[in-house]
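S.K.: The transmembrane segment annotation in TrEMBL covers B:61-80, B:87-109, B:129-151, B:172-194, B:249-268, B:280-300, B:376-394, B:415-435, B:480-501, B:522-544.
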């Protein structure tokens, strides 16, 4: 050993150090923690699995989708938030949408072709409209058209007096959400035409949102097990009706499954959707 | 309670908790790095490694040991990933592709933990536990060792010696990181995190279909990911995943864990240089910058400016209901102010200016409080630059802690500061100059540039968080970002150790009437100002084209 050049000795020492430290921090430590976890926190350390009628039906910490085979919401279940994890709530493909706050212009699919790209704004508007329809309330929102896409104009030329205005997310033959903009008639958008040169003008409008924020946005994990108490309250009448329950019973169940802020100030109040739906099923027997 | 008040209490309670741990933890670390006794287990480790713990190392030897250890770590971690399909506990996953394995190996060894991969579908339990998580410990300990070596440079006189890297490395792990990680893991387990070696568990979802509930040694990795300011998540969605961050209070614990060591190290510094007030001054600079940033970022997210946040009515895209907007903003600020890069919400979907603030935090040089060790040495370099600037104003040779800041010292400090901006701006320019690399952007317009700028800032500053819409797992991004991470970590380390060496050789000059006191509020204000001005001058043009263009109409 002593005869080796010093740089080789140094790297051999480094390798031995790494192996020793791997043994300690990469084997002894995690296995010790695993041992304690399995002995003391057995249920939660194995994923807080929820059972019903002797069957494992999910994890209390992981959200699920409550939709039918066609993707339509099941009316007797509270719905979870939109999810970007795989096809929705897939723990093997967790993801957020990563779409930005000014992602507001769609790429309309070319005539007769699939594809195109829906902007985050249009996704929000479409979810709001769908949730409104499902719950029997108004699904309108600021910056959304009545037909559930982003209310965004492309104004030409980009600077100066407008000569041409296009409602860029509304494919022809849709009726534009506004008849005119600064005296210029608003056109519907022709798929395939490039409107990039125009100035982008999102239009707030006068609509007020009834559908809560968490109902129209995808979570960070794609597995969010919770919805806000406001979204649960919005869904309660529909669920009660679908199950033939009175609203008071459902509202009481929501309250039982609402988690407040830890110590009164950490996080936001939240309703665990899976547990709530299981409790409803249990009620039916 | 109103959400705003809850948010203020969340941040306020963290400040109080950090203030309470600052002293005992800082003193503990002082004893760890200054003590002469070796624990029995450490003696065994030194024998196995084959080093004599009493040997002192001058700066070139110390630096070569750091570099050798890191080089070997990269090679071993690369091989580990490439061979994972032939090892046990791989969950049947294939070998990691070469460019991704390189990127990930560099990423974890440099304490960056940039993740171009998706944990649950790329890495088996063995690679996570015995490969990636090991680097969570050792890369943090390397950062602390380098910081301690620099502090010894200030504290010692007329010597070439900076200590022994192997001793600093082993002690940092055995006496600081391991005990804290073990305790913290138990706390997180109580909060509901998973910890098993199972390959997953299929359940029958109640609306039909099945769902694969994943398993893994998560809690043990989660806590060191925060304590070591690493940030590499077990799962793709990191600390937003309920198995990594189950409740509103585990969220608090995780933010606390990623701030606790960097905020205690200034105390260690003050003790080692024999003047606690110097430590308080450095901690004060960190605190001023950090509290300002957390307040601004959280405020911007709560205000939810921007078209989509206004349409939604809250900046909830990419955020979890249980954390809510304020605590997600606080996490985002803490993770980018340190070199952690763990996320509990997705920065790409933040408001334009809120997302821009996460970038500014990294561009500050990750000094408020920065990564474990790297935050302290980064801040001390800024203090050196500050006394130099002050010296220029009054026309005398600057000194800091009794050591003269001559041409050699200021050259090394400048090189240290310039490394990150050069990597960030050159890397971003290179990527934007190529249509193929631009195609990796998910979002259109200014936000697309922000995604690329964020990636290079995160890599060069060794943060590891992302505007994750960018498709970064391509051979080009994997290779170039890997190089940015390596240069962004090891060039500054060499400059810092060289600076330490030249400081240690000096004999201290006695303080005179003309000496700038470096423990007073005036100095705190000056260092804060210099930090902000340097960052503004360097990065404002790039920020103007990205987040500012998007957020200001």
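The backbone N, Cα and C atoms fix where each Cβ goes, glycine too.
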S.K.: Restricting to CB pairs under 8 Å, which listed stretch, B:249-268, B:376-394, B:522-544, is in contact most with the transmembrane segment (B:480-501)?
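M.R.: It is B:376-394 that shares the most Cβ pairs under 8 Å with the transmembrane segment (B:480-501).
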S.K.: Relative to the transmembrane segment (B:249-268), which of B:61-80, B:280-300, B:376-394, B:415-435, B:522-544 accounts for the most Cβ pairs at distances under 8 Å?
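M.R.: Checked against B:61-80, B:280-300, B:376-394, B:415-435, B:522-544; highest Cβ contact count belongs to B:280-300.
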S.K.: Report, as numbers and ranges, which residues of the same chain sit near the transmembrane segment (B:129-151): CB under 8 Å and 6 or more residues beyond its ends.
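M.R.: Contacts of the transmembrane segment (B:129-151) (Cβ under 8 Å, skipping residues fewer than 6 from its ends): 29, 33, 59, 62, 66, 69-70, 73, 76-77, 80-81, 89, 104, 108-111, 113, 123, 162-163, 165, 168-170, 172-173, 176-178, 181, 217, 220-221, 224-225, 227-230, 232, 261, 265, 268-269, 272-273, 371-374, 376-377, 380, 493, 496-497, 499-500, 503.
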S.K.: Would you say the transmembrane segment (B:522-544) and the transmembrane segment (B:280-300) are in contact under the rule of three or more C-beta pairs closer than 8 Å, pairs 6 or more apart in sequence?
M.R.: yes
S.K.: Top stretch among B:61-80, B:87-109, B:376-394, B:522-544 for CB pairs under 8 A with the transmembrane segment (B:415-435)?
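M.R.: Highest pair count goes to B:522-544.
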S.K.: How about long-range neighbours of the transmembrane segment (B:376-394): same chain, 6 or more residues beyond its ends, C-beta under 8 Å?
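M.R.: Distant Cβ neighbours of the transmembrane segment (B:376-394) are 146-147, 150-151, 154, 262, 265-266, 268-269, 282, 285-286, 365-370, 400, 405, 409-410, 413-414, 416-417, 492, 496, 499, 514, 516, 518, 523, 526-527, 530-531, 534.
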S.K.: What same-chain residues lie close to the transmembrane segment (B:87-109): Cβ under 8 Å, and 6 or more beyond its ends?
M.R.: 70, 73-75, 77-78, 80-81, 115-117, 121-127, 129, 131-132, 135-136, 139, 197, 199-200, 230, 232, 464, 473-475, 477-479, 481-482, 485-486
